[in-house]
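Worksheet: one structure, shown below.
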Amino acid sequence: DRQTLVAVLQFLRRSNLRESEEILRREARLLGDDLGGNVATVATSSPGVAAVAAVPPGKGEARGTAGSVPPLGGNPGNGYVLHSAPCLRVSSPSSKINHSGDVSAVVVEDQPDVSAVLSAYNQQGDPTLYEEYYSGLKHFIECSLDCHRAELSQLFYPLFVHMYLELVYNQHESEAKSFFERFHGDQECYYQDDLRVLSSLTKKEHMKGNETMLDFRTSKFVLRISRDSYQLLKRHLQEKQNNQIWNIVQEHLYIDIFDGMPRSKQQIDAMVGSLAGEAKREANKAKVFFGLLKEPEFDVPLDDEDEEGENEEGKPKKKKPKKDNVGSKSKKQDPNAPPQNRIPLPELKDSDKLDKVMNMKEAARRVRLGPECLPSICFYTFLNAYQGLTAVDITDDSSMIVGGFADSTVRVWSVTPKKLRSVKTAADLSLIDKESDDVLERIMDEKTASELKILYGHSGPVYGTSFSPDRNYLLSCSEDGTVRLWSLQTFTCLVGYKGHNYPVWDTQFSPYGYYFVSGGHDRVARLWATDHYQPLRIFAGHLADVTCTRFHPNSNYIATGSADRTIRLWDVLNGNCVRIFTGHKGPIHSLAFSPNGRFLATGATDGRVLLWDIGHGLMVGELKGHTDTIYALRFSRDGEILASGSMDNTVRLWDAVKAFEDLETDDFTTATGHINLPENSQDLLLGTYMTKSTPVVHLHFTRRNLLLAAGAYSSQ
């Protein structure tokens, strides 16, 4: 693409990078001093190009990072932004030139200049012929062989949108309207919502402020097509001299070509449906350390001596460790685990060690679940929740439950007979004998004991809540754009974290405490540490709201689900996006990692639960059964059962062991995305449990594998 090359050469010249300029000139056979043309015209050929990164040879593509990545314990005074911007190659996708020089990639800025982006729609063809062009291509695809038809049909939607926008931009309003009316019914059903937005854009002015359309404009729509199908399409368009469509394919689509058999209709349907098409295969190639970190070693007292094992202080005596699966699991280092010190994790306090011992004792009494042994389900129904229940969380030891409400309150209940108490006032604390054995009991004020504590502070609905693993803190995030950290010792707000400018939809503590993640309407997720008032990492890349966030069990990765219908996995260490999963047909509302860290389950408004193999970056299963949005997903403690809770008022239990056994994860599948999902997910469904009229918003397995569910009764 000549204009892009000229712009790159001009940039190199301005930056005094003569050598690179010469190399690129020789490669592109642009000899002589031919650098006419204004740089501003680049916008027409590749929307959103902003700066060229000169990278030493051998460094691969330049990532769009702002400066070097700060250490996680870094100085909180710097608001580092890590863009995960896509890299535009210097050539169009159809003619990939490998430049051997210094210039390696063009880094795309985060916010494209609106007018530059839209100017890519300058008039090229005759507006009256657009319908003819489109129906000609449609006829060609529908008459092609079955094996190619399914793949080439993916072109319909992106071409339809771009051609419609081109007509609107060039103010051919009546042609645009008739084009829309004639062809919008042919698009796949899962694009209905996008088409509704599109139908409201009928004037050039409407396009300026519309974010969805800007995204569509700036991010190339990705299609994965076999080489044979692509050659067929190319030949057809060149024979017909159908330049209008060929230009759109060149400029606005990224065709990811693979060698091998074309994919079938159902294989394609399983993977498509997101705002920007499928993920490029490169996006899921990076190595992910999905294994678990080695547990610190403890001496676990034997079961039958529990009673005598507790001496006066209530602390277990040191004993020979019991040889059971709980103790032995932690001895071997998982080959897929990240290095222990890859990210700094907080030191274990004595109270944490005690809690771990308790946890191991409980685990010894855990019920082993399976198809023959399903968990009991205990449902907490919030009655008369006229304040509007918007979020729920349960502590790991199942002793407390918290609700976030639309009236901006956060309410914490004790689920056990033990009431919630605050610490005494400073004057009273000074009277306590600090050396006494029961000092932790004495500092609590009995007068404050109650089953329920209400926390006031937010100024909008509370959309997410999360207890810290040590049960000393509670996070809540709200429509008011803040995340608040509350103390569960004093039941007061300790910090308000301000970073998001818009509603924050979800927040979650790391399994090791200290770090937490938040995601919101501003399309980014942020990683925080409790003692820093600014985020440590900003994960940018989603094209719409980040609706849910989850930490991987090893705390080195974060999964985010978005309204752009994709799930991304981010590396906490450097802020890079290491996986992009597409396949859902609606905004994602729930995420759950399997306890072994290998798999991810995701639920969305399309009522499907999708299962992903994180190591290979592949979809490995689809669980159909729910008829409404899935708001809750949770694996049992040993990972044998996956529970899903939905707005359709049911909890469903799925056989996770069977879903993940004998997976086809050979190199071929990974390379082409030829996934073969079992036709029928009904044989994985172990049970469906209806509530009277209570949508399920949260699920939690206790340490002994009892399933707790929660939701607010709705009287409709």
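Using N, Cα and C of the backbone, Cβ positions are placed for all residues, glycine too.
According to TrEMBL:
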type	residues	note
DOMAIN	125-253	domain 'TFIID subunit TAF5 NTD2'
COMPBIAS	300-311	compositional bias 'Acidic residues'
REGION	300-352	region 'Disordered'
COMPBIAS	323-334	compositional bias 'Basic and acidic residues'
REPEAT	382-423	repeat 'WD'
REPEAT	455-490	repeat 'WD'
REPEAT	497-528	repeat 'WD'
REPEAT	539-580	repeat 'WD'
REPEAT	581-614	repeat 'WD'
REPEAT	623-655	repeat 'WD'
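Per-class residue totals from DSSP over the repeat 'WD' (382-423), listed helix then strand then coil: 0 helix, 20 strand, 22 coil.
Each residue in the repeat 'WD' (382-423) has a pLDDT score, and their mean in this model is 91.
Between the repeat 'WD' (455-490) and the stretches 382-423, 497-528, 539-580, 623-655, it is 382-423 that has the most C-beta pairs under 8 angstroms.
As a summary of secondary structure, the repeat 'WD' (623-655) carries 0 helix, 20 strand, 13 coil according to DSSP. Here the repeat 'WD' (581-614) is broken down by DSSP into helix, strand and coil counts: 0 helix, 20 strand, 14 coil.
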